[in-house]
Amino acid sequence: MALINDNYLKLKAGYLFPEIGRRVRAFAEANPSAKVIRLGIGDVTRPLAPAVLKAFHAAVDDLGTTDNFAGYGPEQGYDWLINAIIEKSYKPLGVSLKTDEMFISDGSKCDCANILDIFALDNVVAIGDPVYPVYNDTNVMIGRTGEADDKGYYKGIVYMPCNEENHFIPSLPTEKVDIIYLCFPNNPTGTVASRAELKKWVDYANANDAVIFFDAAYEAFITDPEIPHSIYEIEGAKKCAIEFRSFSKTAGFTGVRCGLVVVPEEVMGTTSTGERYSFNKLWLRRTTTKFNGASYPVQRAAEAVYSDEGWKQTKEIIDYYMENARIIREGMKEAGLTVYGGVNAPYIWLKTPAGMTSWDFFDKLLTECNVVGTPGSGFGPSGEGYFRLSAFGHRENVIEAVERIKKNLK
């Protein structure tokens with residue numbers, strides 16, 4: 001008799017974005033003439049930068065020649081890509097990394113889930129609320145939690161409320177925790193953390209022998225020079241933090257798939273017998289066993305992002321999305337809504353009007369404005385009464401969506 005993993009049955013509902021897709025499809029089928037504008041899921045719309053596309057094509061051509069053919073590559077990623085990232089993305093921040101401390105993957109969503117393989121189940125995990133659903137759901141799936149209560153909180157996870165009172169930046173937990181998820185710039189709230197705020201977390205982690213999972217998927221969208229792009233800009237972070245980055249939004253790789261994890265050699269854990277052991281070694285062992293590496297053409301395309309031409313073109317695309325964010329942010333303010341984010345992040349986090357629930361506002365925008373956003377409650381109980389809009393649309397659609405919402409709410 002084949003038994004299932006019963007932990008999956010603890011999940012309260014379907015993953016947020018498929019549920020949004022289901023509702024939108026049902027509306028579109030019932031209203032075939034409606035022009036639905038999607039500002040919900042954070043998928044990109046701009047094409048790859050020309051320099052990146054050129055490198056992609058050249059790498060595919062390599063596979064058609066005997067001399068340049070590439071088969072299995074190193075599971076950790078090619079050194080030429082890792083070194084390009086370190087030189088162009090970390091050294092300018094004053095961060096020194098070794099080649100074997102970085103791992104190339106097929107995306108940070110997978111990494112945020114897979115990293116749990118090397119941590120014991122009895123670790124106490126702390127996550128923000130609202131939060132990117134993957135952090136919560138993957139801990140449920142592997143069996144770290146009990147059942148969810150009526151609010152949706154799972155027994156065994158420490159939830160850190162992020163609200164207007166704390167400017168959507170969680171406070172240090174009052175109890176001791178072992179793993180801390182931080183995401184800045186934040187998804188879904190669009191907020192960022194200062195050096196002083198991050199230093200509090202690093203100090204807490206080092207004092208409590210905890211590990212920070214730092215999701216920096218949106219660091220390329222930071223416009224304020226005072227805001228850190230990496231947790232490793234903070235003194236002491238290389239002893240306690242694992243950082244995740246993604247090419248999905250930075251370079252438009254949502255359909256290409258490439259990400260990276262930094263696991264410094266100094267980040268240590270404790271065995272069941274009390275000995276200290278490097279998480280870097282564990283992650284390398286896990287990677288070489290369960291992953292064959294990102295594809296050669298994808299890594300060549302990623303490398304091209306860091307060329308002078310590639311980065312200039314990539315930055316232009318990022319600027320395009322951030323102009324969309326400005327348009328949405330200002331438009332929602334003109335509509336009389338309370339708005340957060342959209343300055344150092346491609347997400348706008350707004351309060352729903354007149355005390356509406358998040359899903360009621362979703363249905364209102366869908367049926368009355370034909371605009372799709374993301375209900376804040378889908379990111380956790382503290383997201384109730386909020387709503388996320390994404391800046392990753394086409395400019396003309398963003399402008400039209402904003403005008404529709406303004407007209408409807410005024």
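Any Cβ shown, glycine's included, is placed from N, Cα and C.
Straight from Swiss-Prot, the features:
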BINDING   Tyr15, Gly42, Lys109, Tyr132, Asn187, Asn292, Arg388  substrate binding site
BINDING   Tyr72, Ser108, Lys109, Tyr132, Asn187, Tyr218, Ser246, Phe247, Ser248, Arg257, Asn292  pyridoxal 5'-phosphate binding site
MOD_RES   Lys249  N6-(pyridoxal phosphate)lysine
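Structure with Swiss-Prot features highlighted.
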{"residue": "Gly42", "record": "substrate binding site", "DSSP (3 states)": "coil"}
{"residue": "Tyr72", "record": "pyridoxal 5'-phosphate binding site", "DSSP (3 states)": "coil"}
{"residue": "Lys109", "record": "substrate binding site", "DSSP (3 states)": "helix"}
{"residue": "Tyr132", "record": "substrate binding site", "DSSP (3 states)": "coil"}
{"residue": "Asn187", "record": "substrate binding site", "DSSP (3 states)": "coil"}
{"residue": "Ser246", "record": "pyridoxal 5'-phosphate binding site", "DSSP (3 states)": "strand"}
{"residue": "Asn292", "record": "substrate binding site", "DSSP (3 states)": "coil"}
{"residue": "Arg388", "record": "substrate binding site", "DSSP (3 states)": "strand"}
Listed binding-site residues (Tyr72, Tyr132), ranked by Cβ neighbours within 10 Å, top entry
Tyr132
Asn292 (substrate binding site) versus recorded positions Tyr72, Ser246, Ser248, Lys249 - nearest by Cα
Tyr72
By a 10 A CB contact count over all chains shown, which of the binding-site residues listed here is most packed: Asn187, Ser248?
Asn187
Since the record lists Lys109, Lys249, Arg388 as recorded positions, which of them has the fewest other Cβ atoms within 10 Å of its Cβ?
Lys109
CB contacts under 8 angstroms to Ser246 (pyridoxal 5'-phosphate binding site), restricted to the same chain and 6+ apart in sequence, sorted by sequence, are Gly107, Ser108, Lys109, Ala217, Phe253, Cys258, Gly259, Leu260
Tell me, how many other CB atoms lie within 10 A of the CB of Gly42 (substrate binding site), whichever protein chain they belong to?
21
